[in-house]
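Over in TrEMBL, the protein carries these features:
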BINDING   Arg114, Pro115, Tyr116, Leu131, Lys133, Met141, Ser142  FAD binding site
DOMAIN    62-175  domain 'FAD-binding FR-type'
Amino acid sequence: MSLRYCKPIQRAAWKSSFISNNNLISASFSTTLGLLSTENNSLVVGPPQKSLIPPGNCQFGEDFTSVPLLGRTPVSHNSSVLKFGLPDENLPLNLSTCACILAQADVDNEAVIRPYTPISTNVQVGSFDLLVKNYGDQGTMSTHLHEIEVGDTLNFKHISFNVKIQAPFEQSHIVMLAGGTGVAPMIQALHAILGDAESKAKVTLLYGSQTSDDILGFDLLKQWEEDFPERLEVVHVLSDEDGDAGEFASGFVDQKLLEKHVPDIDSDETLVLVCGPPPMYEALCGPRDVPELTGILSDMGCSAEQVYKF
């Protein structure tokens, strides 16, 4: 087993500078938002930032707009955070929480479009960050994103259909079921939940990865778990770890694991957010683009109104 993610958290020195209008600006990646560490291949972001913007204010509209890649930072053996510019560099992205944007690129004379949820918040001015895993031959867009150079451009747009649910959430228990880069919208939501000093909502995140080397944002989630011990529980689940999984659960996010960590999952006070690869949707709640609820969550008594598929 890799011990890379078992090391004590190395707290980053959060460096920030403010201009006269109190907008946070960045010196490379050393800001309270988007601070990245390549030393331990993990996202290291400062404290959660609640910065909610109503729908309809995103800098990207219904037509694709081209913006440049400003930087790329590897965060695992096959994943990177890509920092893109914005049409107006003096403003934040102004994306509502939780929502995604659509990326478009011409690859081999074919227009490829994929949804992505930024892991940065609206505190970040002039740019936004995407967490992208390279799926190799199985991921046309992900491969393209890992091959483009800094300064190259990509097209983005945002439509109302890309708004799944809006923070703040009314429920007292938020259950997040994520796999791989499906943790991205969960990070976006956690900023809004944990960054709200008046909220008492509890969050349980069950996060599936293949091996410990594939876990994204381990130190970030560990830090927030320590800072909010009464409000956040993170359970890492490894499907392909060789030998003993150690402090992590083995297998997949399944009914047995849900019954152990979320016995009240069918309560009206529980909201369930799901994001991961297609087999995860199939097993837990049914296909992403099908509104009906099936799978394990349906078997456990959840209603379709409780479950949001990102």
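Each residue, glycine too, has its Cβ placed from N, Cα and C.
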Neighbours of Arg114, Pro115, Tyr116, Leu131, Lys133, Met141, Ser142 excl. site residues, C-beta within 8 Å of centre, FAD: Ala103, Leu130, Val132, Gly139, Leu145, Thr181
Sparsest Cβ surroundings (other CB atoms within 10 Å) among the binding-site residues Arg114, Lys133: Arg114
Fewest Cβ neighbours within 10 Å, where candidates are the binding-site residues Leu131, Met141: Met141
Chain-internal residues, separated by at least six, CB under 8 A from Tyr116 (FAD binding site): Cys100, Ile101, Leu102, Ala103, Leu130, Val132, Ala184
Residues of the domain 'FAD-binding FR-type' (62-175) by DSSP state, where helix covers H, G and I: 14 helix, 51 strand, 49 coil
